[in-house]
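Record features, source TrEMBL:
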type	residues	note
ACT_SITE	262	active site, nucleophile
BINDING	30, 35, 86, 121, 152, 265, 330	NAD(+) binding site
BINDING	149, 150, 151, 152, 206, 251, 252, 253, 254, 255, 259, 323	substrate binding site
DOMAIN	316-418	domain 'UDP-glucose/GDP-mannose dehydrogenase C-terminal'
């Protein structure tokens, strides 16, 4: 099957390479000629574990190619995927301009009956919107909603071994249903993973899933704050709650708030959708309000340790990416902390295994970026753990204590809470846990 994936970001690149791995012939198309040139040269525009090998293998075997000629790529395809960005507008809604552009290109350049699949995260009603844009096409264009559920840092595995595949198709559109079933058949050999539904339900499912996960994070962050007030330990509370089979253990970890390209945008988009239809989704609204407050928790704790004044202090950060195993720093809690520290006159030095280039593009020389975590901590008056990369989990604490000017550790992920850091000479504070 000939597939065109329009967009070469996290969604488009992983999905395009994934479909090629299943045997489809895939062209990943993008209007960004520079990005396409780099992809043809084997340079990945993003860090995602396993993606470079997946791309290289399928390019070498002739199933995957890259093009900046979007019209020609569309013309040759049986299935066209929309994998472009849908950034948040100032009012919280999704910017669908790139989605519209792809739909119009399909209407103009498709040379056969085809299926147009929206894999980008879009609000309810986008399927109908796209159908209007392609209805004048000279060939039948069947429009399907197929939201992605890829986790950055584990996206390749998520695509090739999905929990489920949500496909929204009109009940009477057997052509589209048959094409989607055939395309995803290689991922359903052991069991049928496709969850069929109408397009509106598919569009809503993505927003609801992400908002529900974000809600768990915000709830546990509120409980962590309560633990600090009453002398409880959020780790123990999490274990007691998460072992309840009705609840489960995932997304119950306290921290400095969620970030990335999905949760903040999708929670706000769901709230916006509700308001467009006269509904105030109070839980979703509260989820984002709690998160915005939580993203300032590390700065508040830091100011407390410095009696309200961080001016001139050398503060080290471990972790800039919004989560481990990605170079994505968008809406990261680290950015909130860095911005606040810079505004108050602190000197910030930061380390991240993969996020330094993106941080450099954002901050230039306003933030000192270290390629070694211990170099970042040298002469620091505080070390703040923001992202729980594996290499930070069991550091050489003796080396840290001797290299830091002041042995103050703020653990934004509670990964050091079980160490007896007080006995090692550190001042330690986590989030909702007792001091080590």
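Placement of Cβ uses the backbone N, Cα and C atoms for every residue, glycine included.
Keep in mind that TrEMBL annotations are predicted by a computer and have not been checked by a curator.
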**Message:** Can you tell me the CA-to-CA distance separating residue 259 (substrate binding site) and residue 265 (NAD(+) binding site), as a whole number of Å?
**Reply:** 9
**Asked** Can you name the binding-site residues among 30, 35, 121, 254 whose CA is within 10 A of the CA of residue 262 (active site, nucleophile)?
**Response** 121
**Asked** Relative to the Cα of residue 330 (NAD(+) binding site), which of the binding-site residues 149, 151, 206, 252, 254 has the closest Cα?
**Response** 151
**Message:** Excluding near sequence neighbours, so keeping only residues 6 or more apart in the same chain, what lies with its CB under 8 A of residue 151 (substrate binding site)?
**Reply:** 158
**Asked** Among the binding-site residues 30, 35, 86, 152, 265, which ones place their C-alpha within 10 angstroms of the C-alpha of residue 206 (substrate binding site)?
**Response** none
**Request:** Please list, for the domain 'UDP-glucose/GDP-mannose dehydrogenase C-terminal' (316-418), how many residues fall into helix, strand and coil according to DSSP.
**Result:** 37 helix, 18 strand, 48 coil
**Item:** Distance in Å spanning the most remote Cα pair of 149, 150, 151, 152, 206, 251, 252, 253, 254, 255, 259, 323, given for substrate
**Value:** 24
